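Asks: Quick paste of what TrEMBL says about this protein:
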- 1245: active site, proton acceptor (ACT_SITE)
- 68, 73, 76, 98: [2Fe-2S] cluster 1 binding site (BINDING)
- 138, 141, 173, 175: [2Fe-2S] cluster 2 binding site (BINDING)
- 278, 279, 280, 281, 282, 283, 284, 285, 381, 425, 443: FAD binding site (BINDING)
- 790, 821, 933, 1077: Mo-molybdopterin binding site (BINDING)
- 935: substrate binding site (BINDING)
- 250-435: domain 'FAD-binding PCMH-type' (DOMAIN)
C-alpha cells in the first residue's frame, strides 16, 4: 500500500470520487510520480499543504523528505489532526509519513510543512525562529524538525523544556549538533533562555578583547499567536459527528485494505480473514515489509472502531483500549499517577519510565498498545513490565469474550496461551499495585532515546505485611532471547527470603543459571547482556531498600532494614534528558568595519528560510519530466565469487520493465580495471553493483530486481577483517612511511609502553541518500545531470568516459546537497554513469533507499594501530613508533590517499623529535570505504592521543599534556579546579564515576597537491544592478553560498539582497575541484573576490565621474559605454607537495589549531554515559571567520559527529557471509538530541577529532572505577566506547559472576 510520503511527494490518482467509492465500497489506487493534481476520495480541500479530504488539489509538496522509510529519522514528519470520538476534541499529533498508509487517513487532516507557512505568503514563527537561530545547515531534516515543533505548539503554545526534548526525540540531524535547533524551540518555552548559562574563560590577549555571544536577536522574532492557526476542516468535523458505519475497502495492485465501521463487522472480517493482521500505526508491519519483505494480501484496519479506544477505571485497576496509541497510554497513566496514592501506581510509574524513552514521539503517536503487545518483539520495553504487573488481555471474537494473562506462555507464543485466529485484542487490564509491593523498570540502549534496547527488564516484589520477607517475586527480561523471558524458577526459589545481601547474591546466581544466552543469541553481546541481567536486579534491590526505609515502612519484628551506603545511592538515578545550556563566543568585527559589510557577521544561512518552509529544492524534488524512467540496482549477494550466469528473463517479463543495464551495454569505459561500475565475471563484496533495472515506476523496478537471478561460484579467500588481511598479506597499495630522528637509539634510553588501539568505522548517514536524475537532450548527445554530489566535475568526467562522448556534452547541476561528509565525492559518479547508460532510453533517475545506500557506498575506514612510545619519568616523550592498518574494502577508491593523510596528520599538535609512522590499506571483501570528514585524521590522531594519555597516566599528574597555545591555555585555566571537583564526586559515588579530558588539535587544511587548490568563479552584473554569482563550490549545508555572497558584497560594496547564487554547474564554472578538505570557502572565496575586483576595476572610471550616483546608475552607464559586466575570477591555489620516496615535502597550505575539554558521568552498572550537568568547552583559532554563526554550527555539528564516531555509533555489523546488518536508523545509531552536552561552550570553528574529548573523558572515568576496584588501570582502548565496552571495562562483582574466564576488558576479538 502507498504511504503518506508517496501521497505527498509522488501523488496517487484515484479512479472514483469519494461518493462513488463509498457506494461501491471499492477504491483502486494507481501510484504515479508527482502529478500536478490529485483527486482524493475522502472529501475535503487543500490549503497550502493542509491535506484533508473531496476535490482535486496540487500535490507538488516536496517539503516532506524521504530519508529512511522506517520511521526512524523524522525527516518525513507531518501533523495529523483527528476528531477524538471519546473526548470529542481535535487531537493533533506528529507522525512519520513514510509509515502511514494512505488508506488510514479517512476523516483526517494532514498538515505538511507547506501548510505551516511559506516565504511567498507568511512565515510561521517556528519556521522563522529555526532559520534565524541558525538551526539549519543542509536543511534536509529541517521540515521534519519544524513539523515536530509545530505539532508541539498546537498542543502546548508554551511548552516546557521537557516537552520540547520529547517532541524532537524522534528527529535526527547529521549537520548541526542539535543545539541551535533546541535553542530555536526554547524561545517558545516558558523559561529564561540565558539565566543559567556559564562559559569558558579565555585569554586576556588583545586578540580576544572583543568577544560576542549573541548569534541572533530574540526580540526580532514575531510572536506566536495560537488563534491564527488553521482550523480543523468543518466538513471533517461533520463527518466525525455522523460517522460512516459502512465497511470501506481499498484495492491495491497486490493488497486489499479493509476498514470496518463497527466492531461487529471487524469480528466477522476476522472470521473471514483469520490470517489478516490488524494494522493501526504500521510501526511494526511497515518496517518489516520494507526490510524483511513481509507481505500480507489483506490488511484489516480497526481505526474507526471507537470501542478499541475506550478507557475505564475501577477500584482495582485500569482498562485501556488496545487501539490507544502509546502516547495516549502515556497520558492516561500520567493522569492515574497524579490521582492515586503512590502505593497503587507502582506499575503505572514503571511503564511511564519506559514510555518516555521508547522510540520517538512520532512512533509513540502511531503505535498502539495492542500492536506493541501482540508484536511480542524480543526487545519490547513494555511487555516485561506488563508481565510482572499481572496484566490481563481482554479478547473478543464473534463467539464472545474471554480473558488471558499476559504471562511467559503468551509472550513465548504458545498456542495454548495465545489468541485464536478469529480473536482480536480488545483491551488491556492493568491492576493497581498494593501496599508493600514495588515495581520497577530498567532498560539499556545504544542511545538514551529513540533506540531499541539491548536489555529491558520489569521487576516486581511483594513483601509480607510489615516485613522484608518476599511473598511474591516476578522478574521479566527483554533482549535476552527470542521472546520476553520470565525468570519463574529463580523467583520461586527466592520466596520466603529476606531482602538482604545474601538474598541478592543468591538471586544473581539463580538468574544467571536461568537466563542463559547461547553464544549465537540475537544481537550478540552475550556477556554484556548477562551482566545487565544481574546489574538491573542490583539496581532493583537498592531501589526497594530505599523505598522500605521511607517513613511509615517499619519492620513488625523491630529489625532494621539493611543500610545503603550513601556512595551507592547514585546508582538509583537516571540520566535526565535536558536542553543544553552554554555560550557560543566569537570574535567581533572591527568597530571601523562598515555596517553594510557582512563579512565576519553572523548572517543567516542563505537558504535557511526555504529549508524551514520546505521550499528549498533538492535533487529528488525536481518535477517529473515526460516519460521519466526509474532505475533500481541489482547487487551481489556473495562476498567473493565468480559470476556463472545472470538470468534476466523473469525480470524483463514484468509489467513496466523497460530494460536491464549490464556491463555489456556500456559503450565506453566500465570504470577502472580494479573498480568496475558494473561487475564483470566476478564480484568482490556483498553489495557490488551487477546490473541495473530500468522501469516505468520505482515499484516496478524494485520488483524486477527481486526477479533477477544470478548464479555464483564462491571463491577463496574471503577476507573481512584487518587481522585476516594482514595474515593473507592482502593490501591495496604500498606502505606509506614517515620517519625523522633516530628512533631505535632513542628507545634504548627510555621507559616504554607498547599498546594496540582499535577505531571502528563510521557510516556517513547523510540525511539525503544518493540520488541522480539524467535528462538527455534531443541533439548532439547532450546530457543534463542533476545530482547530489560534492564533485560534479568528477561525475561529468566519469559519465564522459562511460558513454565515450566529450566532456563538453555533459552538464552537471548541483543546487544543494542534503549532507555529504565525503560520502558524495566519488560515489555519485558511479550512479550518474550507470543512470546515463540507461539514458539512451528516455530520462532516468536513480534514488537509493537508506538500506541500499548503506550497503553499497562504504564509509569511514576502521583502523587497527600499534604504538610503541619511549618516555622519561618527567613525561617527556623521546621516541614514538606507530604502525596503522585501515580496512579499505574491496577496491582502492580513496584508501591510498586516506593512508597518506593519516600518516601526515598523526603527529597532531605535538612535536616529537624521534618518530616513525607507517600505514597500510588492507584489501578485504567488504564494500570499499571512502572519503569521510577528517580523511583519516580522526582515526590516526586517536592513536597518538591514546599514546599521550597512557604516558600521562604512567607519569602522574605532573606530566600532563601541554600544547602551549592560547586556545590550550583558555581550557587549562579551569581544568585543574574541575579535576578536583571530579575527584571529590568520585570519592562520594561508587557506581557513578565522572571523567575529565582535554585534547588539542592541529588540523591541516587542504589537499596535499597544488592543483587541487585552484578555484574559479563567474560573476555577472545585470543592467538592473542585480548580481549573479557562480563559483566552483557546492552547497552541502556548510553555508558556502552564503559566505560567497558575503565576500562579493564586501568587494562590490553592494547589499547581499542585490545578489543571487543559482546553482553550481559545470557549464558555468568548468574543471572544478571537489568541495572537501575544509578549503572550499577559502579558495572559492578568493576566486569570487578576484572576479569582483576585476569588475570594480572596470567600474572605477564611471564611479569617479559620478561619485554621488547609485549602483544602478553606474551599471547603466557601464552598459552604455560597452564595459563588460561579466568577469571570471581565478585563484591559482596554494603550493603543496609530498615526495613519499624521499619522505619529505610541504603537504598542506596551513593548519588551524583548537582544543576541547569534556566532562562525562558514567553509570558503571550499565555503561551508559552522559555529558551531564557539566560542560564541553571547545576553542578554535579560526583566524577571521567569514560567518561566525555558520562556523559555530560547523563546530558543534562536527563535534557531535565525532562524539558519535567515538562513542555511540557502534561499528557496522556484518554477517559471517559479509552481509551488512546495519542498514538503517534502527540498527545504526547516530547521536540524537539527548546526546548533546548539557553545557556546550564554543569559540571558533573546529573539526571532528575534538569529539574524542568525550571518549577520553569516558576512559578517565573507567580508569577511576578500575583503580577503586583494585583492577589494573591499563586497558586496551577501543573506539567507539559503547555502553557495552564501558560496562565490561568497569569490572566488578557482577562481571566476575558472568565471566567464565578473565578476558582483557574493552577488547573483544578484532
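We number each residue from 1, going along the chain as drawn.
Cβ atoms are placed via backbone N, Cα and C, with glycine included.
The model shown is predicted, which means the values in this text are computed figures rather than measured ones.
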Asks: Show which residues of the chain containing residue 278 (FAD binding site), separated from it by at least 6 in sequence, have their CB under 8 Å from its CB.
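Replies: Residues satisfying the criterion: 300, 301, 302, 370, 371, 374, 424.
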Asks: For the domain 'FAD-binding PCMH-type' (250-435), provide the mean pLDDT of the predicted model.
Replies: 95
Asks: Show which residues of the chain containing residue 138 ([2Fe-2S] cluster 2 binding site), separated from it by at least 6 in sequence, have their CB under 8 Å from its CB.
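Replies: Correct list: 174, 175, 766, 767, 768, 816, 817, 818, 819, 1036, 1037.
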Asks: Spatially, and counting Cα to Cα, which of the binding-site residues is closest to residue 282 (FAD binding site)? Options: 68, 76, 98, 173, 790.
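Replies: Closest recorded candidate to residue 282 (FAD binding site) by Cα: 98.
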Asks: Does residue 1077 (Mo-molybdopterin binding site) have same-chain partners at least 6 apart in sequence with Cβ under 8 Å from its own Cβ, and which are they?
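Replies: Spatial neighbours, sequence-distant, of residue 1077 (Mo-molybdopterin binding site): 935, 1005, 1006, 1007, 1012.
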Asks: Taking the Cβ of residue 381 (FAD binding site) as reference, which residues of that chain separated by at least 6 in sequence fall under 8 Å from it?
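Replies: Result: 354, 355, 357, 358, 441, 443, 453, 456, 478.
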Asks: Please report the Cα separation of residue 821 (Mo-molybdopterin binding site) and residue 173 ([2Fe-2S] cluster 2 binding site) in Å, rounded to an integer.
Replies: 13
Asks: Expressed to the nearest Å, what is the distance separating residue 280 (FAD binding site) and residue 98 ([2Fe-2S] cluster 1 binding site) at their Cα atoms?
Replies: 14
Asks: Looking only at 282, 284, 790, the binding-site residues on record, which one has the least crowded Cβ, with the fewest other Cβ atoms within 10 Å?
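Replies: Each of the binding-site residues 282, 284, 790 was scored by Cβ atoms within 10 Å; lowest is 284.
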Asks: With residue 141 ([2Fe-2S] cluster 2 binding site) as the reference Cα, tell me which of the binding-site residues 68, 98, 284, 933 is the closest one.
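Replies: Closest by Cα: 68.
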Asks: On the Cα atoms of 790, 821, 933, 1077, which are listed as binding Mo-molybdopterin, what is the maximum pairwise distance in Å?
Replies: 12
Asks: Listed binding-site residues are 68, 76, 98, 284, 790; which of them have CA atoms within 10 A of the CA of residue 173 ([2Fe-2S] cluster 2 binding site)?
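Replies: Final answer: none.
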Asks: Fewest other Cβ atoms within 10 Å: which of the binding-site residues 443, 933 wins that one? Let me know.
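Replies: Least crowded of the binding-site residues 443, 933, by Cβ count within 10 Å, is 933.
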Asks: So if I draw a 10 Å sphere around the Cβ of residue 280 (FAD binding site), how many other Cβ atoms end up inside it?
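Replies: For residue 280 (FAD binding site), the count of other Cβ atoms within 10 Å is 23.
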Asks: Cα distance, residue 284 (FAD binding site) to residue 68 ([2Fe-2S] cluster 1 binding site), nearest Å?
Replies: 15
Asks: Which of these binding-site residues is closest to residue 933 (Mo-molybdopterin binding site) if you go by CA atoms: 73, 76, 98, 284?
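Replies: Closest by Cα: 73.
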